[in-house]
Amino acid sequence: MTTASKPKRYLGRPFDQRNNSLNLIRLLLALLVLFAHTYFLIGAGPGPLYGGIHYGTWAVAGFFVISGYLITGSTIRNPLGSYLLNRAARIVPGYYVCLIMMVAFFAPIGYFKAHGTLGGYLTTGPTPFDFLLENFLFRGPVYPIAGTPSDIPWPDAWNGSLWTLYYELICYMIIAFLCLFVFIRKSPWAMLVLFLGSVVVCAYSERLSVLFQSSEVFLSLATLVPYFLGGALLYFLSKWIGMHLWVGLGSVVITLACMWFIPTWGGQIAAPFMAYALLWISSWLPQPTFVKNNDMSYGTYIYAFPVQQMLAVFGLSVLGSWAFTAVATVITLPLAYASWRFVERPMMRRARRSTAVLDGKAKLPVALDDGEAVAKYEAGEKASQPQNAPQLRPDDSRKYDMEAPG
């Protein structure tokens, strides 16, 4: 597209895909989920609410609107095969390693604490194998392993956060399918209609659920899909609406008002404003360099719950909500970093190399470390490489695509 044919941006500056604090925003959302779960897991009830809904639900909504914005951009900019491979690399390996950690580390400790022996651990139902098999395709979810965790305020559930990943993956498939159609890719109006339709379905979801055999799946989709499509709608509108102070402040006010005054579908109708508010905040909020270079949000999201349950198994629920949250955070963050450093980032790099070949792009320069090369190209810099080597085209979406937990 030539410069003359580009649509005029009426407000603000473009969202900077490189210079933002989305890693920090998503990490804070994951920690908010941890905080919200604390109250249930220590037996203190639902904890603080906003608009009648606990903070963890709103944090998941935040994940989905950010994901909707970023993943839509990735869908449009990349061939379908590359898109699917990158999305799988972002979510699946970390998820499977987390499942293995639960059956090989968390659950055996919980079983030994309850029985004083590991005898019977492999044969008590649901067995570790049952747990892995039932959760393998994300659909499960099976929460207990060999009758553990037990004798705690919230028994029989080692990881109550993983269920949202199934719906996150469905949203990835939905947007990939929708963006196959040119009329959706070229205009925001089609996405606006789809978004508003999803909000209507959400508003009447209780009545409509009787039409479906699995009402639980339908209700979850009706709740979460509008958030994702709201973020997708904002991506299409970003051609005209950039980051602007007054739009950002207005989006914060509209989001909070809808969440408070329309408890059943207020968050959903405010989804584009929620996405804008979070992106706008990330455009000026500083973040530590370590957080910028290490996206620990996904690892925090998937490991916080089993860490909290392990603390409860050892009686630390008596600490109270704030101290319990603090201890769980201190233990979870190193696990999240390990997941990022040794599982998520290496698999994402492998996927990028594979998609570079699929898309006819160059291999990364052999003289550079993989991570250094990716960073230089994502920063738009030329790295030293063999003469006449083809250029690897920068793709902002690859660095910031979420995957997110949702």
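In case you wondered, yes, glycine gets a Cβ from its N, Cα and C as well.
TrEMBL has this to say about the protein:
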COMPBIAS  393-406  compositional bias 'Basic and acidic residues'
DOMAIN    19-340  domain 'Acyltransferase 3'
REGION    377-406  region 'Disordered'
TRANSMEM  21-40  transmembrane segment
TRANSMEM  52-71  transmembrane segment
TRANSMEM  92-112  transmembrane segment
TRANSMEM  165-184  transmembrane segment
TRANSMEM  189-206  transmembrane segment
TRANSMEM  218-237  transmembrane segment
TRANSMEM  244-263  transmembrane segment
TRANSMEM  322-343  transmembrane segment
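Here the transmembrane segment (21-40) sits apart from the transmembrane segment (218-237); fewer than 3 CB pairs are under 8 Å, leaving out pairs fewer than 6 apart in sequence. Contact between the transmembrane segment (52-71) and the transmembrane segment (322-343) does not hold: fewer than three of their C-beta pairs are under 8 Å, each pair 6 or more apart in sequence.
Within the chain, the transmembrane segment (218-237) has long-range Cβ neighbours (under 8 A, six or more residues past its boundaries) at 60-61, 64-73, 163-164, 167, 170-171, 174-175, 187-188, 191-192, 194-195, 198-199, 201-202, 205-206, 208-209, 212, 265, 267-272, 274-276, 279, 406.
Long-range neighbours of the transmembrane segment (165-184) within the same chain, counting only residues 6 or more positions beyond its ends whose Cβ lies under 8 Å from a Cβ of the stretch, are 63-64, 67-68, 71-72, 75-76, 80, 83-84, 87, 91, 95, 138-141, 190-191, 194, 220-221, 224-225, 228, 232, 302, 403-406.
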